[in-house]
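Below is one structure; the comments refer to it alone.
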Amino acid sequence: MSLDRIMNEAISPWMKGDGPDSDIVLSTRIRLARNLKNYHFPIMQTAEEANQITELFQQKLVNKTMRDFGSFELLKMNELTPLQRRVLVEKHLISPNLAETEFGACILSESEHISVMLNEEDHVRIQCLFPGLQLSEALQSANKIDNVFEEVVEYAFDEELGYVTSCPTNVGTGLRASVMIHLPALVLTKRINRIIQAIQQLGLVVRGIYGEGSEALGNIFQVSNQMTLGKSEEDIIADLTSVIHQLIQQEKAARELIVKNSSIELEDKVYRSYGILAHSRLIQSAEAATCLSDVRLGIDLGYIKDVSRNILTELMVLTQPGILQQYAGGQLGPEERDYRRAALIRERLRIEENEA
């Protein structure tokens, strides 16, 4: 595995498969937050301490112990260009916060479904990504990596509180479980705000696709647990799974309602969006996300039969600004990005050959 491959293949290998409920649930993520004993937390650590932690993981884990899990690559943020860091964020392999951290690093598996962030908000953040709804499977994978780390490093752990973290909401198990879910029908029927409020009352958080402070582009929402103290990993997973299953049923019911009451209007909306994607010469990322959401809904409902659902997932990633510029080989102005985005979408939908 090389940096060039990570940068030039916009779609991570793990994204190419389907998972359970993948018509509505795009992906599952498990993240475990850990800190090392006898080191200052990242907010207070020196450059020397940060580098010591990175070297510790490089020498004792990436080069040795983790070989049993396959090939891994350690990337230091201060050795990457701003554009390369942005691509990693857009592929959901690192957080926006890590991308801005001078002494941060990440460890990536070859399939990119395992990503370990070093010196972010906590010393160690183990992330596992799976397609569809696979919370238990992702947790099992993350725990395997965590167990390997714990044989080599000593974590900051309190017998009463659990794992000690920078943010109080992560103290305890250090577990953040999240699900990326596509809810266009709940948005169209204007039920989404009421449902989000109900979810938040259950102690869960609803955010946009890039986490805290981001918007729900393309009707894609990220639902995750908030507190970890006083709850077991199993309880956290069970609670979130229950809510996601309810969300899936609500979304399916909303889709059935729209088809029953407004079928022709919905079909028109789907094909208008498809027309924009198929023929536009300039398209901004927000408009592309909206149209891709409409077309994905049209595929799920059977209106569009000759386009793969996975192509839409792929295009949601491919059309992000950083990845577009990586493909172009450098920085692009806003209009040039919009032009290349439109061309890429047309090409991926195999429209150009029909227009020739």
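Yeah, the Cβs are placed from backbone N, Cα and C, and that goes for glycine too.
Copied over from Swiss-Prot, here are the features:
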{"type": "BINDING", "residues": "27-31, H92, R125, 176-180, 207-212", "note": "ATP binding site"}
{"type": "DOMAIN", "residues": "24-254", "note": "domain 'Phosphagen kinase C-terminal'"}
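Put plainly, the binding-site residues R125, R207 were compared by Cβ crowding within 10 Å, and the winner is R125. According to DSSP, S178 (ATP binding site) sits within a strand segment. Ranking the binding-site residues S27, S178 by how many other Cβ atoms lie within 10 angstroms of each Cβ puts S178 at the bottom. Every protein chain shown contributes to the tally, and the Cβ of I30 (ATP binding site) ends up with 26 other Cβ atoms within 10 Å.
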